[in-house]
Amino acid sequence: GQAGGRGGQEQGQGGGRGGKGRNAQQGQQGQPQEPTAIQKAEARARAAAAEAERQAAAKAANKAKKSSAKAEAEREAKEKEAEKEAASKAEAESKAAAEAKAAADAKAAAEAMSEAEAKAEAEAEAEAAKAAESNEVADWEEQEEPKLESKESKADSKESKADSKDSKADSKDSKAESKDSKADSKEPKKSASKPEPEANGANADADADDVADSSANQKHSWVERDEREHLNLVFIGHVDAGKSTFCGQILYQTEQVDARTIEKYEKEAKEKNRESWFLAFIMDTNEEERAKGKTVEVGRAHFESKNKRYTILDAPGHKNYVPNMIAGACQADVGVLVISARKGEFETGFERGGQTREHALLAKTLGVRLLVVVINKMDDMTVEWAKERFEECRDKLTPFLKGCGYNVKKDVVFLPISALTAANVIKRMEIPAASWYDGPCFLEVLDNLPVVDRNRDAPLRLPVLSKYKDLGTVIEGKVEQGTISVGDKLWMMPNRTPVEVLNVWLDQDEVRYLIGGENARVKLKDISDEDIMPGFVLTQRGAGACAAVRRFEAQLIIVELLEHKSIFSAGYTAVLHVHAMAEECSILELTASIDKKTGKKSKRPPMFVKSGAVVNVIIEVDQAVCVEQFDQCAQLGRFTLRDEGKTIGIGKIIDLTPGLNLKDDLSLNN
């Protein structure tokens, strides 16, 4: 038994030794062994070192990139600064050159003026000597100068003139004045039926010596007046009817615009893809108007015929610019209603919402009695001068114009034209397709219109349309009645500011006086342009002053009320348009309704009225307005009521409420 145990032990030990031998043998044969902890730590350290190197390299690259960008930005900034310095230097050099040129021009102008003054002085001396021999100057002074002086100082004025005559040899100013006086003396000889008007206000307020001093200090060379009748023409109608093109064609055909200018406008119109609008560019001078193809402001231009002088007022046709149209129409003597004969365009303008109806109504309300209706675009391919289309437009317009108050047989003329081709504008047309029309051309119609009554002997009324500064205060407007002369001492209403007339211009010519119906440009003394607003009125002083009220009674025709405000009653608010003024107003009271057929007033005042009614109302405004009763001065007695951009009523003033008239309230002795 012991032998068996030892044998087993030996076998186990032998086996153990044998196992160790096998492991050693496998290691020698190259089989993989598991890494130790030290080896793993060394590997991690090497990986961390490699990552740190990579990050350091990336940071260095970013830093280098930022440095490069910063250097580039600094370089660009330096280049811009250099360019700016160069531009500033160039601008300074250009400014210096311009100043040098201006100085040279001023010097040359001064030298030319000195030469002209010397020449004028020599001529004045010669004229004065000649006048002294023939006594022509003395005769003119005795006839004309008293009209610029007060009646109370005429005797003193004659003595002053006599002294002035004796001292002409010693006074250069008097010699220059005598020359002007001789030139002006031709005016009364030219038109004995239109003597020069006396100075307004000077009869009651001006001192004769002051007037004489004023005329002596101002060396005027007044232009000889053109006594042909002057008419303001307002061109009205729906947008795109061809108003501006028609006006431009008239100016071109009457040689107010040369061919070179037309060529320039043709090029500009082509660049804006509006080839057929080049004639409109003559009137539409604003870039916005040319780009949109719509007139915004009232264009103004002048032309003349053998018999008359005309001013064109090209009114905007778009409904958004009706207030501008009113400002133009309130100055007009004659309305030119432009209608498009093109299929669809006439109907659009004449239907509800179109401006043909509103413009015709407003023109009548604003005092335009004479109306020329031109059916334009008769050459269009949809019309081709068809007589039937002309008659269709005429027949649709006739009853509407009668409803507006026009006497169609007496005061309205219809004629076909083509504004683009100038057919029937200033010459009668010779077009086979239009052989059915044998009437006058447009210019013939104008020349044959009856003479307009100007009410020249009435007190002055000149509503201010605009004002500006030009070495003094200058206003523009139309003389509605009366006359205005250099030296007049007047009031600017409603504030009753005393002013004196320094200069007056008719178009571009400086003249001595203006009469009713003429467009005025007047330079005033003793008032700032900031103290004048459109709608103020230049008027005589004293009892002849214009009324300024906050409340008045009027007869009103309700044309068409708004859909959501279909009842007209006390408390209704609107915008009042009268001559060049627009003011918010409210209806205080309806005093009576008027029977359309009999014209009789109702015994009881109505509570309210609707569209189409005629009613007497009392109107109140926030600020005093310059108005007159219709029977005293029609142009200051007509008005229009508009609400939310639409004309709702037209009326005339029948009574100025006592106690609110400034010429009654204020002392007239100051």
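Here the Cβ of each residue, glycine as well, is placed from N, Cα and C on the backbone.
Residues annotated as region 'Disordered' in TrEMBL: 1-223. Positions annotated as compositional bias 'Gly residues' by TrEMBL: 1-18. Feature annotation from TrEMBL assigns compositional bias 'Low complexity' to 22-33, 105-115. Look at TrEMBL and you will find 41-56, 69-104, 116-130, 145-197 tagged as compositional bias 'Basic and acidic residues'. The domain 'Tr-type G' feature in TrEMBL is assigned to 228-456.
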When the compositional bias 'Basic and acidic residues' (41-56) is classified with DSSP, how many of its residues are helical, how many are strand and how many are coil?
16 helix, 0 strand, 0 coil
Per-region confidence, the domain 'Tr-type G' (228-456) (mean pLDDT, whole number):
82
Tally the residues of the compositional bias 'Basic and acidic residues' (69-104) by DSSP class, grouping H, G and I as helix, E and B as strand, and everything else as coil.
36 helix, 0 strand, 0 coil
